[in-house]
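Copied from TrEMBL, the annotated features are:
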type	residues	note
DOMAIN	23-288	domain 'NADH:quinone oxidoreductase/Mrp antiporter transmembrane'
TRANSMEM	60-82	transmembrane segment
TRANSMEM	94-115	transmembrane segment
TRANSMEM	152-171	transmembrane segment
TRANSMEM	178-197	transmembrane segment
TRANSMEM	203-222	transmembrane segment
TRANSMEM	275-294	transmembrane segment
DOMAIN	290-344	domain 'NADH dehydrogenase subunit 2 C-terminal'
TRANSMEM	326-347	transmembrane segment
Amino acid sequence: MNPYVLATLLSSLGLGTTLTFASSHWLLAWMGLEINTLAIVPLMAQHHHPRAVEATTKYFLTQATAAAVILFASTTNAWITGEWNMTNMSNPTATTMILAALALKIGLAPMHFWMPEVLQGLDLLTGLILSTWQKLAPLTLIIQTAQAFDPLLLTTLGLMSALIGGWGGLNQTQLRKILAYSSIAHMGWMIIVLQYAPQLTLLALFMYILMTSAAFLTLKLLSTTKVNTLATIWSKNPVLTTTAALILLSLGGLPPLTGFMPKWFILQELAKQDLPLTATVMALAALISLYFYLRLCYTMTLTISPNITTSITPWRTQTTQASLPLALFTVMALGLLPITPAMIMLIS
């Protein structure tokens with residue numbers, strides 16, 4: 001892709017998200033979401049592969065549907081209340097419609113069906129943008145309007161996403177689909193605690209972005225998208241294989257890795273709010289997710305692949321990929337648990 005076009009598209013992505021961040025008016029927020037969608041569509045379709053074009057079409061249709069519902073619901077709310085301000089969401093029908101549309105935008109269950117299919121058709125870097133940056137604007141709107149939503153609806157969305165995100169990833173052989181289901185499960189964790197402690201939602205989002213970025217960049221450096229090719233990488237790059245396994249365990253939420261911190265805080269908050277059953281279901285959903293992360297780690301580190309690796313001997317090839325971002329994200333995805341006391345001070 002032409003670097004000028006790429007720069008324009010990336011700056012439009014940034015502009016769309018920033019516009020949504022800064023707006024308190026529904027039309028401006030909607031405009032930001034639309035700029036965001038239109039900026040990522042050419043990035044998704046740039047390879048002209050039938051799968052990429054199919055994924056782009058699916059993504060565009062779901063995002064356009066969600067944007068239309070947001071516009072309709074905010075217009076209905078403005079018609080009833082007389083103002084476009086986000087803080088004045090008094091109409092329950094409009095509020096529910098907006099939550100459904102934003103849930104569709106970020107891929108919360110049961111509006112998650114597009115997410116694995118779309119991510120499967122993209123290359124790893126575009127998939128990384130879709131899994132991290134594209135979640136920011138809709139999640140900001142959900143956080144800003146959280147007090148207007150029905151608490152039972154938010155809890156249902158959170159529980160369903162955590163369970164379906166764990167359940168859906170169990171029988172997958174494609175790494176991008178596994179990461180898509182991982183994303184759905186993490187979104188569930190963010191939504192479940194939103195009504196009680198929005199700062200924990202932000203913390204979970206930040207940690208999720210760190211861990212997912214590290215996972216995608218590792219897979220990019222290893223040039224692997226299937227589970228069975230993971231079994232051949234330990235001989236090529238043992239250090240990267242070790243860190244990749246730890247990153248996956250961090251995504252699963254095992255101590256003493258970074259991913260344990262947000263889950264620990266969220267379960268603690270749910271227990272504090274006298275919701276032991278919800279906390280138990282969320283913890284069990286995390287166990288289901290942990291199973292498929294462990295499966296990947298087992299394949300990577302404890303099995304020898306029966307198929308002959310057809311790649312060029314790695315010690316004779318020089319990689320041209322930048323490894324500094326990967327190193328930074330890996331360190332943060334593995335070693336931030338000791339800053340937990342500082343986080344407790346910040347969020348309490």
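Here the Cβ of each residue, glycine as well, is placed from N, Cα and C on the backbone.
Nobody curates TrEMBL annotations by hand; they come from automatic prediction.
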Problem - Contact between the transmembrane segment (178-197) and the transmembrane segment (60-82) (at least 3 Cβ pairs under 8 Å, separation 6+) - result: no
Practice task
For the transmembrane segment (326-347) and the transmembrane segment (60-82), check the count of CB pairs under 8 Å (sequence separation 6 or more) and say whether it reaches 3 or more.
Solution key: no
Handout entry: Non-local residues, at least 6 beyond the ends, that sit with Cβ under 8 Å of the transmembrane segment (60-82)
Key = 26-27, 29-30, 33-34, 37, 41, 88-91, 93-95, 97-98, 100-102, 104-105, 114, 118
Handout entry: Confidence summary (mean pLDDT) of the domain 'NADH dehydrogenase subunit 2 C-terminal' (290-344)
Key = 82
